[in-house]
Structure formats: structure tokens, C-alpha cells
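For reference, TrEMBL has these:
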type	residues	note
BINDING	HIS4, GLU179, MET180, GLU181, SER203, ASP204	purine D-ribonucleoside binding site
DOMAIN	16-223	domain 'Nucleoside phosphorylase'
BINDING	GLY20, ARG24, ARG43, ARG87, VAL88, GLY89, THR90	phosphate binding site
ACT_SITE	ASP204	active site, proton donor
SITE	ARG217	site 'Important for catalytic activity'
Amino acid sequence: MSVHIEARQGDVADKILLPGDPLRARYIAENFLEDAQLYNEVRGMLGYTGYYKGQRISVQGTGMGMPSAAIYATELVKEYGVKKMIRVGTCGSIQKDVHVRDLVLAQAAATSSAIIRNDFPKHDFPQIADFDLLMKAYEVGKEQGFTTHVGNVLSDDVFYKDSMDDIFRLGEHGVLGIEMEAAVLYYVAAKYQVKALSLMTVSDHMLTGEETSAEERQKTFDDMMIVALETLIQE
Ligand SMILES: O=P(O)(O)O[C@H]1O[C@H](CO)[C@@H](O)[C@H]1O
Ligand SMILES: O=c1cc[nH]c(=O)[nH]1
């Protein structure tokens, strides 16, 4: 057991998917994994281990925001020996040509979080994806015919913002979308020398207000899971 995960040693696979929403973890376990076993219910942050195409894979909810994601990523790596982590999340687009339902691969993540700045007050330490995971996910996305964008995202501490001015300025500097966890996932991976990648489905559009139906959203989530799972087993 670790502080926030009640799994026993060996219950968690060394390859893991990390959705923010614990119910997305359950959805993945029920729809993509064979023989999935629940290993965590502490705080309702569901975690499962099962098999995808014969390979042992886990899926663990991380909650919303960087403090929560950092807790789960750290315990998974330090206490359970996880080596490859892929976040399967959602983001809001801040680019005209990045549409709702597209897939965003976070090559890097800017952040407003103090977590990294507190550790490195004198350095701007870039948060980057593992190159092999990134390359493989891009290849899989293209092979599957999914609209796949690669670039910077913003991992923000604030969901309800008083002003979008800075966010849209980041868009003018090429940032593709905003979400709340990728940067710290990359930071934990760098700290403990493991591999991490963040994939996001665009759930809403901050510039155009573009929306999608629940059914379409579900289909796109499924596309993202295929990219993430195929990447985890091939890389
Ligand atoms: O859908 P998830 O993975 O939770 O990701 C996004 O959704 C949440 C905000 O609604 C934040 O966690 C953000 O990063
Ligand atoms: O707009 C959005 C959409 C998903 N996640 C966020 O953090 N913001």
C-alpha cells in the first residue's frame, strides 16, 4: 500500500494509462482490457490492471489538477515501479485549426503551476514528452486516420479564469490547448527517469465555442484509447 493507493506490490503493471476522471479509468478497464481487476478504490480514484493484446496494462484515475496528478504519478513510480505512463485526458483548444474531437499529443507543456518552480526557482525547466512514446503515438494516430496535432500545451492551475487574455496570447505563440496535468506528469517522469506522454482529446474550443455530442465525444475517447494502448504495447 502507498498513502493513496491500496494496491499490493505486483498489482500494478509497469505500463499505465492515466485519465483524470476515475470513471474514465473504469470505462477503459471495462471496454479495452481483458480480465481487469480493481486494485484501488481509495478516495474513489479507481485503478485497474488487465490485459490488452496479451500485455499487462494498468489504468489509474489521477483527479483534476497538478497536485492530485503528482501524488498518483509519484506513488505509482516510486512505490509500484511504473515505467511508462500515458495520460489520456481532455483539453480545450486555443487554435483555429485544432478542432473538437481532434487528438493533441503534448510534445511539451508550459505551466502556471508552482510545483516545478518551487523545486527549481532559478531555472525554467522545460517539461517534455518522452520522444519514443511521442513518435510512436504520432505514427499510430496517423495510421488510424485520426486528426493528430503535436505541440505545446498549457497545464494550468486554474479552470475558471477571470481573463482569457494570457491564454489566447499563448495560443498566438503556438500553444495548442489547455489542460491541467501534463506538465507535472512530465516533471515526475524526469525526476524518476521514467517515460511519460500526454494525449488529449479536444473536448471544447475556447475561440469558437465549438461543441460536440456525448456520442461523438465517446467515439473520440475510444480513438484516443486505441492510440494510447497501441503505443504502450509497441514502444
Ligand atoms: O479530462 P481530464 O483528464 O480530467 O482533463 C481535463 O479535464 C479536467 C477539467 O475539466 C482537468 O483535469 C483537465 O486537465
Ligand atoms: O477547457 C478545458 C477543457 C478541458 N480541460 C481544461 O482544463 N480546460
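In case you wondered, yes, glycine gets a Cβ from its N, Cα and C as well.
Unlike curated entries, TrEMBL annotations are predicted automatically.
Recorded features from TrEMBL, shown on the structure.
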| residue | record | Cβ within 10 Å |
| --- | --- | --- |
| GLY20 | phosphate binding site | 21 |
| ARG24 | phosphate binding site | 20 |
| ARG43 | phosphate binding site | 13 |
| VAL88 | phosphate binding site | 24 |
| THR90 | phosphate binding site | 21 |
| GLU179 | purine D-ribonucleoside binding site | 25 |
| MET180 | purine D-ribonucleoside binding site | 25 |
| GLU181 | purine D-ribonucleoside binding site | 33 |
| SER203 | purine D-ribonucleoside binding site | 19 |
| ARG217 | site 'Important for catalytic activity' | 18 |
Distance, GLY20 (phosphate binding site) to SER203 (purine D-ribonucleoside binding site) (CA atoms, angstrom): 13
Entries of HIS4, THR90, ASP204 (binding-site residues) sitting next to ligand 1, with Cβ under 6 Å as the cut-off: THR90
In sequence order, the recorded positions (ARG43, VAL88, GLY89, THR90, ARG217) whose C-alpha falls within 10 A of HIS4 (purine D-ribonucleoside binding site): ARG43
Winner by Cβ contact number (other Cβ atoms within 10 Å) across the binding-site residues HIS4, ARG87: ARG87
Proximal residue to GLU179 (purine D-ribonucleoside binding site) among binding-site residues GLY20, ARG43, THR90 (C-alpha distance): THR90
Assigned conformation of ARG217 (site 'Important for catalytic activity') - DSSP reduced to three states: helix
Among HIS4, ARG24, ARG43, VAL88, GLU181, ARG217, the recorded positions whose C-beta sits under 6 Å from ligand 2: none
Distance, ARG217 (site 'Important for catalytic activity') to VAL88 (phosphate binding site) (CA atoms, angstrom): 13
Least Cβ-crowded entry, counting other Cβ within 10 Å, from the binding-site residues listed as GLY89, ASP204: ASP204
DSSP-derived structure type at ARG24 (phosphate binding site), helix or strand or else coil: helix
Three-state secondary structure, ASP204 (purine D-ribonucleoside binding site) (per DSSP): strand
Max pairwise CA distance, angstrom, over record-listed purine D-ribonucleoside binders HIS4, GLU179, MET180, GLU181, SER203, ASP204: 31
